[in-house]
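Annotated features in TrEMBL:
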- B:5-226: domain 'CobQ/CobB/MinD/ParA nucleotide binding' (DOMAIN)
- B:11, B:12, B:13, B:14, B:15, B:16, B:17, B:18: ATP binding site (BINDING)
């Protein structure tokens, strides 16, 4: 990388930044739109069950439903606290 | 059969009412009997943009409540034979519009008009929901700016799921993008999202691009839909959009930085 590239990199125009940010947030929100209505409730109940045994916060559990066409994968990601 | 169009955006201040007034007037100019309906209950403004604010006697809510007939409430435009306005009510009652009531009015309008243009309020509350619910086609007004694009995408999601067409399992609402307040100079400088960028993100057909124009404020100051200013760039861009709405192929103008001489600028010459 020469010095010109360095400056060009830093002067990335704001319209491209806007486009990138929009592509990410729009894709994320479209994903949420297609998720079934029960998913937030499912996540909440799962947290409550896990909390009976381990002390965790709501945001330490991620529930994602990935539609693979013929079948769906329910992915549960729990971050357990340090012992 | 009448076509019901909704002009929507999610975000406020992007040009929904300006667009409703311009497109409705353009359809009437081409001989189609058109009514523009203001759904912004509590904050009506279409009457001002159309220049008929002093002639509002009865409004949309009066018709729904049976306090006036549709014939009494429709305001005939003074300039065009085929153009009518149905004003929104200034009531503060949020529940003044009901799905049943709005449906009845739309169906009655559809019997006598060729085009029913629904001017949606901003937001995703009841007024916006009812404005889109009965639509056959949607015009999504968007500014080349992050919050407006995101809100437009949100509206596209609602158009696909929360409409009479969706609930009855009919063909979905035909969605089209109208990019307004476009500034080609800033796009060239990389300071503003370009039309291709917005098309790529929202992935819907482009109805038109309206350049940022002084003509829009001048027109609203006088209560004249900007499309009637046929010398202006915005007026001409809206006129092209109306032609596209009617199925004509029109090249997109005003996308590039205009290199015009002083005199040409003064007289608003065409390309």
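Glycine is treated like the rest: Cβ placed from N, Cα and C.
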Among B:11, B:16, the one of these binding-site residues whose Cβ has the fewest neighbouring Cβ atoms within 10 Å: B:11
Mapped DSSP class for residue B:12 (ATP binding site), helix or strand or coil: coil
Residue among the binding-site residues B:12, B:13, B:15 whose Cβ has the most other Cβ atoms within 10 Å: B:15
Chain-internal residues near residue B:18 (ATP binding site), provided their CB is under 8 angstroms and they sit 6+ positions away: B:49, B:180, B:216, B:220, B:226
Segment-level pLDDT (mean, integer) for the domain 'CobQ/CobB/MinD/ParA nucleotide binding' (B:5-226): 95
Cβ atoms near residue B:17 (ATP binding site) (within 10 Å, other residues, all chains): 25
Those residues of the chain, 6+ apart, with a Cβ under 8 Å from that of residue B:14 (ATP binding site): B:141, B:142, B:143, B:148, B:180, B:181
Near-site residues: ATP, ref B:11, B:12, B:13, B:14, B:15, B:16, B:17, B:18, CB cutoff 8 A to centroid: B:9, B:19, B:122, B:141, B:180
